[in-house]
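One structure below.
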């Protein structure tokens, strides 16, 4: 999720890295390029404040989700396991935001080791979070449409599913960590960037392709199909609880699309521009640069919205959280009598 910066190579026999080292978006290719004046990004201080706020809310919200789920070991459901892993992914992603915020103001001042670590952590949890959302949609489809409730088997299998997601996310993220480094290009500040000489463009095109396919298109298609079939099933029923679940499912898909679809569409446009599949003009480059800046903010904010969508709107979650507070003497136990729910449904009822 890098901000696009465009510089022009006017000397094909010159130093490639000096000309292109400061580019963090898709590299242009060829011998000569039309000189484009990059539109400077304003309000960087406001962006830092926003990143800090998102990081704080994500740390707090996802920590509470983890606390509630880990506190109830005996009644933990398959859905709880997915939500727990999703909370871990969002929490780890939020740890990278302070580094990204500082880099917006001062460039990359943390050196190569942290460049690799932050890149790995950010991409790793970006992939795992999206893939977990897709798995949640499949689980809800099976639970509601096909009413599969072999809990013992599902609890056993879900652990392997989550391990598989983490493993695939690690494989997809490793190239970012291996090839990125703190690099100070000619007449510019230090950046955290892949530096492979003339192979940089092809390499980044490959990474972009992986991100488009595994980081958005396949998970989005899975969610739309599974939630679409689930909603169709719910429309045929008249059960109050299932209609409540339908509303939450709609909110989940809507928030995901609002946060992630704009950024991924702009990123796809940037990829097509770098591959010369769409006309390359200075105005278009600057428009994409500004759009990446704005939509990236939406994408990052999704990490702090997940706890609200997946937990805090659930009656069971609120009851379990109050129960923890009551057990530690922080609230009166009489409060729980007004919020008593069926414990065996766990967090599943909110889906």
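Placed from the backbone N, Cα and C atoms, the Cβ positions cover glycine too.
Feature transmembrane segment, per Swiss-Prot, maps to range 248-269 of the set 248-269, 314-335.
Swiss-Prot assigns residue 44 and residue 228 to opposite sides of the membrane.
Among the ranges 160-179, 180-199, the one that Swiss-Prot lists as transmembrane segment is 160-179. Checking the ranges 205-225, 226-246 against Swiss-Prot, the transmembrane segment annotation falls on 205-225. By the Cβ criterion (under 8 Å, sequence separation of 6 or more), the transmembrane segment (205-225) is not in contact with the transmembrane segment (81-101), since fewer than 3 such pairs are found. Counted over residue pairs separated by six or more positions, the transmembrane segment (45-71) shares fewer than 3 Cβ pairs under 8 angstroms with the transmembrane segment (117-138), which leaves the two as not touching.
Over the topological domain 'Extracellular' (180-204) the predicted model carries a mean pLDDT of 76. Annotation note: residue 115 (disulfide bond) sits in a helical segment as assigned by DSSP. Sequence-distant neighbours of residue 192 (disulfide bond) (same chain, 6+ residues apart, CB-CB distance under 8 A): 103, 108, 110, 115, 118, 119, 180, 181, 182, 183. Sequence-remote contacts of a segment are chain residues at least 6 beyond its ends whose Cβ falls under 8 Å from one of its Cβ atoms, and for the topological domain 'Extracellular' (102-116) they are 3, 44-45, 47-48, 51, 177-178, 180-182, 189-192.
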